[in-house]
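Colleague: Pulled from Swiss-Prot, these are the listed features:
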ACT_SITE  Glu323  active site, proton acceptor
ACT_SITE  His324  active site, proton acceptor
BINDING   Tyr127, Gln185, Asn208  NAD(+) binding site
BINDING   Ser234, Gln256, His259, His324, Asp357, Glu411, His416  substrate binding site
BINDING   Gln256, His259, Asp357, His416  Zn(2+) binding site
Amino acid sequence: MKTLVWQSLSDSQQDTVLQRPAITEGANITAAVTSVINTVKQEGDAGVFALTEKFDGVKPDSIRVSNAEIEAASDRLSEEMKTALKQAYSNISKFHQAQKPQPVKVETQPGVICEQITMPINKVGLYIPGGSAPLPSTVLMLGIPAQIAGCHKVVLCSPPPIADEILYVAKLCKIDEVYNIGGAQAVAAMAYGTESVSKVDKIFGPGNAYVTEAKRQVSNDFRGAAIDMPAGPSEVLVIADESADPDFIAADLLSQAEHGPDSQVVLVTPSPIIADQVADAVERQLKELSREDIARQALGSSLLIVADSLTQCVSISNFYGPEHLIVQTKNPRELLPLLDNAGSIFLGDYSPESAGDYASGTNHVLPTYGYTRTYSSLGLADFSKRMTVQELTADGLKGLAPTVVTMAEAEGLDAHKRAVTIRIEKLAQLDVNKQEVNQ
């Protein structure tokens, strides 16, 4: 890891240092994904079967995982694993239950009632990657808010064979449909539907470059599906002072670096001593990792930054806007009001990022690659939609009419104006009729 003294860098050098590597999808990936999507759209289940055999080397008897298979997977799982997953489920559920919005109803002026109501997205799709290790934590992070939000149908796709842990969590989250489909073909199947796979309104979940590109393409097609957020490499930034434990910091940096060679890890500290100690601790701990080669590649583009104060550390962090932000200082909560841009913040020596990744209760699906400036961590709101309601009485419209008419005239929208005045004229005539009856 490079050690840099912040004050020794020019403004342009500081900007360059904190720039992330460009994410580029080759034309070959774009073309390949377009071909996969078209195959699924045109051939449905048959196309999915063919693509699964081509890319996964598997010919499943059925695309859909049966309830019997899910129960069998649950039976095979150890009690230790079930207990861990249930504890994580409980904590994540508690945090997301607390996010339920309250209805809004306001009388903005006499006779004018405005409301905001929240409804679940009708159908959602969850993509869970395959790979060398199962990711039941991702099922929890996606399945629980979908369940609490009340989405009417939840579809899960994962490359075959689907791990027992994933199927068990799908059962915990009461996911409606589980399919043996991976890659871009899974995204296409959920976005457009097939004979077996239900079309969904929004797709959630991480994946490789092909999955990411497929999500981008279907989200740009009005016939496709919305997606959760832009994707990017995993990253962590640690703010630490002289009170921090360098071994803890090193472990936190490495826990992010082992995700992949494109992961970004950054330490910002006012203490040169801590920077040196962390560099030594990283090297020691690296040798103990099964994914040492991957972590070492990530560390090659990562940074140790020595700032002149904690205030400057905060400024650097806010400019960078990390996915994960760990604050290991003497009084970490004092810095919290100063922190503007981060996906998830971990305060204090005993709040490792791993806790949030798995079981503290917060969601581990987070904006990365600088998107923390405009995107938030995944939550209940992402599985919901807001609708506004307004109801005006006759007197309410009378009171509001002059404002609406004046603004419609200013914008040259005669029909907008007429929609109000025709009602006011009708009300005036009714008033005249009432007066005549009463005379």
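A Cβ is built for glycine as well, from the same backbone N, Cα and C atoms used for every other residue.
Show me how these features fit into the shown structure, please.
Modeller: The DSSP secondary structure for Glu323 (active site, proton acceptor) is coil.
Counting only same-chain residues at least 6 apart in sequence, those with a Cβ under 8 Å from the Cβ of His324 (active site, proton acceptor) are Ser234, Glu235, Val236, Leu237, Gln256, Ala342, Gly343, Ser344, Phe346, Glu353, Gly356, Leu366.
Cβ contacts within 10 Å of Tyr127 (NAD(+) binding site), excluding its own Cβ and spanning all protein chains shown: 27. DSSP assigns Tyr127 (NAD(+) binding site) to a strand in the three-state reduction.
Annotation note: His416 (substrate binding site) sits in a helical segment as assigned by DSSP.
For His259 (substrate binding site), the same-chain residues 6+ apart in sequence whose C-beta sits under 8 angstroms from its C-beta are Pro233, Ser234, Ile294, Ala298.
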Colleague: Using a 10 Å radius around each Cβ and all protein chains in view, which of these recorded positions has the most neighbours: Glu323, Asp357, Glu411?
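Modeller: The largest 10 Å Cβ neighbour count belongs to Glu323.
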Colleague: So which one is it: of the binding-site residues Asn208, Ser234, Gln256, which has the fewest other Cβ atoms within 10 Å?
Modeller: Asn208
Colleague: Please find, for Tyr127, Gln185, Asn208 as listed binding NAD(+), the greatest distance between any two Cα atoms, in Å.
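Modeller: Those residues reach a largest Cα separation of 13 Å.
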Colleague: Tell me the Cα distance separating Tyr127 (NAD(+) binding site) from Glu411 (substrate binding site), rounded to the nearest angstrom.
Modeller: 46
Colleague: Applying the rule Cβ within 8 Å of the centroid of the Cβ atoms of Tyr127, Gln185, Asn208, what extra residues of the same chain belong around the NAD(+) site?
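Modeller: Neighbours found: Pro129, Cys157, Pro159, Gly182, Gly183, Ala184, Ala186, Val187, Gly207, Tyr210, Val211, Ala214.
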Colleague: Within 10 Å of the Cβ of His416 (substrate binding site), how many other Cβ atoms can you find? Include all protein chains, please.
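Modeller: The Cβ of His416 (substrate binding site) has 14 Cβ neighbours within 10 Å.
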